[in-house]
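The structure under discussion appears below in the form of structure tokens.
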Amino acid sequence: MNGATGTQVNTANGGGGEPVGVQIQQSRRLPDFLQSVNLKYVKLGYHYLISHLLTLCLIPVMAVILIEASQMNPDDIRQLWLHLQYNLVSVIICSAVLVFGSTVYIMTRPRPVYLIDYSCYKAPEHLKAPYERFMQHSRLTGDFDESSLEFQRKILERSGLGDETYVPEAMHQLPPQPSMQAAREEAEQVMFGALDKLFANTSVKPKKIGVLVVNCSLFNPTPSLSAMIVNKYKLRGNIRSFNLGGMGCSAGVIAVDLAKDMLQVHRNTYAVVVSTENITQNWYFGNKKSMLIPNCLFRVGGSAVLLSNKSVDRRRAKYKLVHVVRTHRGADDKAFRCVYQEQDDAGKTGVSLSKDLMAIAGGALKTNITTLGPLVLPISEQLLFFGSLIIKKIFNKHIKPYIPDFKLAFDHFCIHAGGRAVIDELEKNLQLTQVHVEASRMTLHRFGNTSSSSIWYELAYIEAKGRMKKGNKVWQIAFGSGFKCNSAVWQALRNVKPSPDGPWEDCIDRYPVKVVS
């Protein structure tokens, strides 16, 4: 439950009646990309492009061969046949080269990865935490002083969250009961709830799953969460299971990337990716301001995604995975510690957010999008972007580089609903419209920050609105502790309709709603 939230609040400590500076004064803004795009990050993207240069060069060669072949008449074909009859050695060599080349291509080409379906967990009504109830409950716990309560009130007012988000059962009790058993129950409710729905909608038997990847940042019991799923659904004994911990809100994309790599190795199988976060044992009961923000933003949620490398599944799949680009800034000490789980002076554990969080998130985002750009942008945009950087480097370092129009590459955007400020700044920096960020804003309003699963609630919103058409490309982008920024690009294989019992099924007609500033 850690990622970029981008919240700024100025308040006072009422403990002794004397105002003091709030411990957290984060910038609400990402760095201006027009002032700070670095040429070295573009090189990474062009490296990806050049690595596929051979395939790109073969396309025009094959086109020329086909054009020449289409222009041949029967006499030309007969003469070619007679020529080949008297050149047996040439025929054998050419055939051997053709067979060898075809075999190498077939064996080494990446296998397509299809997203058959996915599901998002929706908690029961009694777990809702409206604003007033949240504040009343925080006061009744007796753990927060007046300054901390006022701080949380201001965070909630500016957060963009609505009154229908969910917190776990243990947090509804007075006093709260954040036990290991309660945390296990929350994990089971979320993961099994999403998986039950996924298996029901796809009619895939659990025994057919060959790869299982589970990500949850802060709750990693023994046996692991992946083992809990194997036990519940009696998955087969040779399943390749992975449990990712401590990787923050962008771990959902990391889990998809790991599943994709496994599907390149293991033929004819299914992979399931489960993304969730556990709140029960990670609620902060102290008064350090930089640790209180997660309490106000993170809410119960989870997703389950079914992937396949079977060619026969293309006909029923919703999407095809096109690209995954991962950026890790952990080598930098500030980036490494900007989202950090620790104990406060009173010995209470929480996740601390650095005042440099938004600046670090902006740096990771720049690296990520300049790497992704050459893979997805039209050639015209790439030339303008690359040309402007060259001119800037040679002639005038004060010239603003050209920021490509990513709306030409993507039809839909799923920006991790980490916080209202992050969505605002990406909308501004990437020059997006309100429609492009609508799914992110409404997901934050309806479900809160559900960590790594938020990008799937956003995709479900787009589908529920009937906006996903065949051929559309969608960009999922998320931030996480460490510090990481990761992107996944999907292409719709058909006009995608929402799956039964989706998270927006009973409320999509009420959205979008106006979020009060």
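Glycine residues also receive a Cβ, built from the backbone N, Cα and C atoms like all the rest.
Automatic, uncurated: that is what TrEMBL annotation is.
Annotated transmembrane segment per TrEMBL: 46-67, 88-107, in sequence order. Taken from TrEMBL, the feature domain 'FAE' applies to 105-393. Positions annotated as active site by TrEMBL: CYS249, HIS328, HIS412, HIS416, HIS445, ASN449. The annotation domain 'Beta-ketoacyl-[acyl-carrier-protein] synthase III C-terminal' is assigned in TrEMBL to 411-491.
Across the fold, the C-alpha of HIS328 (active site) and the C-alpha of HIS412 (active site) stand 24 Å from each other. For the pair HIS416 (active site) and CYS249 (active site), the C-alpha distance works out to 8 angstrom.
For CYS249 (active site), the spatially nearest entry among the active-site residues HIS412, HIS445, ASN449 is ASN449, judged by CA separation.
Neighbour count (other Cβ atoms within 10 Å of the Cβ, all protein chains): 22 for HIS445 (active site). Computed over the domain 'Beta-ketoacyl-[acyl-carrier-protein] synthase III C-terminal' (411-491), the whole-number mean pLDDT of the model equals 95. Burial estimate for the active-site residues (HIS328, HIS412, HIS416): highest at HIS416, by number of other CB atoms within 10 Å. Cα spacing between HIS412 (active site) and HIS445 (active site): 19 Å, rounded to the nearest whole number. Taking each of the active-site residues CYS249, ASN449 in turn and counting other Cβ atoms within 10 Å of its Cβ gives the largest count for CYS249.
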